[in-house]
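A.B. asks: Structure in structure tokens, see below.
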Amino acid sequence: MPAPPPSALRTSTSAILALIGLVLLLLASQAGSSAAGALVLRVDGAIGPASADYIHKGLTRAASTGAQLVVIELDTPGGLDTSMRSIIKDILASPVPVATFVAPEGARAASAGTYILYASHIAAMAPATNLGAATPVAIGIGGAQPGRTAPLGDEPATAEDAGTGGRDGSGSTSGPSHPPSSAQSQPASANRSPETTPEIRDDKMHARPSASEEPATTSTRGNTADARPSASDRPETAAPPATTGPRRTAAPTDAMAAKSMSDATAYIRSLAQLRGRDVDFAERAVREAASLSAEEALAQGVIELIAIDTPSLLKQLDGREVAVLDGTRTLATAGIAIERMEPDWRNRILAALANPQVALILMMIGIYGLFFEFTSPGFGVPGVAGAISLLIALYAFQLLPVNWAGVLLLAVGAGLMLAEAFLPSFGGLGVGGIIAFVVGGLFLMDADVPGFGVPIALIVGMALASAAVIIAIGSFAARSLRRPVVSGSEEMLGALGKVERATGDGDWWIAVHGEHWRARSAQALSPGDRVRVAGIDGLTLTVTPIAAQSDASTAAAGAGSSAPDSHHFTPGSTPS
């Protein structure tokens with residue numbers, strides 16, 4: 001084969017190099033789009049595995065592209081403890097400053113969101129937002145809150161008395177937060193001397209009007225720190241109105257609740273000390289489910305900024321110094337490019353699978369699919385769909401804080417309901433299966449967290465649907481039992497035949513269904529008689545002549561009709 005001419009080789013090489021250069025240029029432009037800019041991540045709803053994966057990818061991308069700042073726009077009622085801690089670990093280890101911004105107006109950073117806000121390098125909120133209510137909920141059904149705050153006396157604790165606003169079962173606020181008392185709104189350290197209560201502050205992060213307007217002291221992190229104004233120096237407008245009556249914090253009801261409470265309190269206290277934020281409110285948010293509005297949080301040193309939107313936040317952050325792992329950075333965020341990172345397809349699928357309701361439905365599809373495949377093999381579709389659904393459901397359960405006893409109860413309940421259709425027990429198996437299914441659904445989730453519960457309506461609906469399937473299968477089975485047998489030896493019983501000839505040893509050959517059978521009878525037979533099969537003994541039939549059966553029936557009918565009738569009379573006669 002002749003070699004290509006040099007000119008053609010040079011042309012091909014030039015084209016390949018040009019293509020490679022174009023690809024590198026596109027990659028560089030794409031990478032440079034977020035370089036020295038701000039990467040914005042949006043988190044809505046409950047904090048779960050999908051949220052943790054999304055934030056992890058966003059922080060990794062920001063570090064690789066050299067972004068100057070990561071802004072997490074947050075609106076959450078709370079979430080899973082494991083996912084929250086994973087997010088906080090990523091934030092603490094991020095070389096890029098992270099600003100958590102509770103936005104838009106009307107959003108909240110309740111429960112797990114409060115921890116994430118405390119862990120961030122910069123904490124900001126939009127107007128008409130709130131944070132707090134970080135009390136860990138109890139494990140199991142009911143979601144009772146350990147360490148709930150209640151006023152002394154016999155009056156029940158209301159949302160206003162507790163200073164937490166309306167509450168739902170998740171430990172997050174469900175309405176506008178009520179301001180705490182003036183005594184509690186001030187940090188407990190306000191009455192202590194500076195020598196006994198050291199504060200860790202970052203001058204740029206916590207400067208209210210500007211960093212230069214407040215005196216600085218030495219920080220344990222090596223950065224300059226602000227001297228916080230004492231409780232008495234704060235303006236009275238920043239202090240919320242006081243509530244009347246002494247208050248107390250109820251003790252945890254059991255050892256597990258006490259452990260959970262102590263762990264959560266120490267965790268958020270350590271985050272507050274790390275970022276130099278209000279420690280007292282952090283503890284009250286956990287122990288008393290206290291909440292603050294944006295203005296109250298700014299006045300108490302929980303957040304650094306209040307901004308209307310993300311561009312306004314970036315404008316206010318310009319020139320602020322932030323302490324990160326490798327030292328202190330001065331942000332230059334005025335007018336920088338803003339890039340929003342949307343969740344990819346994998347994260348969207350993960351968010352769908354991390355829904356307990358979806359996992360429960362997939363589990364039931366898997367159980368029923370495998371059952372129908374085992375009982376009616378050969379078709380394949382139910383088995384394939386069931387196996388895939390069951391594997392996906394198990395993967396989803398692995399992501400969620402499920403109670404495996406609840407999963408087993410669900411499986412046992414479904415098995416009992418299916419067994420009722422094929423092993424009739426006068427409703428015993430079916431009722432037991434429905435009870436096990438409902439109880440398993442109630443115990444399925446191991447934490448009462450908003451967005452990760454299984455509604456009672458779904459559990460009852462699936463139980464009723466399973467009961468309907470049982471009734472349908474049972475009715476089909478009962479109908480099939482009433483049908484005549486069309487194959488096997490049982491089908492011969494009652495069949496009609498015709499006597500052909502004698503065998504010579506007292507038996508007869510008869511024709512039944514086009515087949516020759518050896519038969520015997522207790523009555524006399526003759527060729528040509530019509531007979532009916534009454535029994536089977538091996539390969540010999542027991543038959544009775546139809547004429548004899550007809551005579552017996554006629555005799556029985558005649559005996560019944562021969563009874564005297566005292567009311568019998570002929571037409572035209574008068575009855576006696």
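Positions of Cβ are set from backbone N, Cα and C atoms, glycine also.
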A.B. asks: Checking feature assignment: transmembrane segment per TrEMBL, candidates 84-102, 255-273, 426-444. Which range matches?
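C.D. replies: When 84-102, 255-273, 426-444 are checked in TrEMBL, transmembrane segment belongs to 426-444.
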A.B. asks: Restricting to the same chain and to residues at least six past its boundaries, which positions have a Cβ under 8 Å from a Cβ of the transmembrane segment (349-371)?
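C.D. replies: Those are 48-51, 53, 343, 382-397, 399-400, 402, 407, 410-411, 414-415, 418, 441, 444-445, 452-455, 458-459, 462, 466, 469, in sequence order.
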A.B. asks: What is the three-state DSSP composition of the domain 'STAS' (37-91), stated as helix, strand and coil residue counts?
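C.D. replies: Looking at the domain 'STAS' (37-91) with DSSP, the answer is 28 helix, 17 strand, 10 coil.
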A.B. asks: Please average pLDDT over the domain 'STAS' (37-91) for the predicted structure.
C.D. replies: 94
